[in-house]
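These come from Swiss-Prot:
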type	residues	note
SITE	Arg16	site 'Transition state stabilizer'
SITE	Lys23	site 'Transition state stabilizer'
SITE	Arg155	site 'Positions MEP for the nucleophilic attack'
SITE	Lys211	site 'Positions MEP for the nucleophilic attack'
Amino acid sequence: MNNMTAIVPAAGVGSRMQADRPKQYLTLLDKTVLEHTVEHLLEHPLIEHVVVAVSADDPYFANLPLAHHPRVIRVDGGKERADSVLSALEYVCQHRLSEWVLVHDAARPCVTHADITQLITTALAHPIGAILASPVRDTMKRGDHLQQIVHTVDRTALWHALTPQMFRAQSLRERLFAALQQQVTITDEASAFEWRGEKPALVAGRADNLKITQPEDLALAEFYLSRNKEKS
């Protein structure tokens, strides 16, 4: 069980950050966001390799010390997240790196090892796989095209999907490929299974496993990382 592979799709542009480079290459404390994310995955005792999918013309990755790490593998990503994940899966399956993969957002540097371990334990015992998720706590409203409230949505069964998301590499590869062939919109790995009527497990994860999408998220991620370092 100690040879899991993590996949990090990192070919996105992240235009909402309004920065001069993709958000995964913005500086967070003393490193890039991507370095924090990948190094954190590598430090988990059950993860052997991390496959990073970046744009073919990415000018940043090769300049990171991370690019030369013996357990980090670079592959070309695609236009959409699903394309990048599929490219990484092709490598994992071709080289038989591991039976299972954990797909994790490049812009989520704050995931805890405890959450990763709980995800792995749950996924291995489930027939399909599992994802980290956080129960919705806020009151949810459905709006119309004028941004007016239509009604309040029952939040009882609603979850925020987080990452990592863990599935068997071959199963995820087959489902992603089939969905893309049918032009099905795939927003995360679990949705490739949902499309087939399959139900991955939900693993309650920490809400501080935030995804950096807005400029203010950098400051919050810095706080979480600094706090976690003090605790360790």
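Placed from the backbone N, Cα and C atoms, the Cβ positions cover glycine too.
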Lys23 (site 'Transition state stabilizer') and Arg155 (site 'Positions MEP for the nucleophilic attack'), Cα-Cα, nearest whole angstrom: 31
Rounded Cα separation (Å) that holds between Lys211 (site 'Positions MEP for the nucleophilic attack') and Lys23 (site 'Transition state stabilizer'): 10
